[in-house]
Amino acid sequence: MAIVDVVVIPVGTEGPSVSDYIADIQIILETHKQTGKIDYQLTPMNTLIEGELEDLFEVIQEIHNSPFNKGLDRVCTNIRIDDRRDKSRKMNEKLDSVNNKLDKKRKDEK
């Protein structure tokens, strides 16, 4: 199981807002989530997607192409991959691990 951090940047839009393009990408992600192959989380600055790496590359290609389908001639996509092979960890499990350690440190300080 891998987790990717993806930022799709449509270049050459009519204005500074890109939320319409991001909404289209979220629809694509919802469709893939319904198959059970991925999970995702939209944040204010990026989208996090988890799944098997092969499936993630397929999804990334589709969301990268989405702004081209709306007539744009240039898209920049930044991808960061966390591919841990010694154990399978989901996004929420990684957060739980940090929060548990934080709780312990706070208790130890008292």
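From the backbone N, Cα and C atoms, a Cβ is placed for every residue, glycine too.
Per TrEMBL, the feature domain 'Thiamine-binding protein' maps to 4-98.
Look at TrEMBL and you will find 87-110 tagged as region 'Disordered'. Among residues of the same chain six or more beyond the region 'Disordered' (87-110), those with a C-beta under 8 A of the stretch's C-beta atoms are 1, 3, 39, 41, 48, 50.
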- Note on the structure: For the domain 'Thiamine-binding protein' (4-98), the DSSP helix/strand/coil residue counts are 41 helix, 28 strand, 26 coil
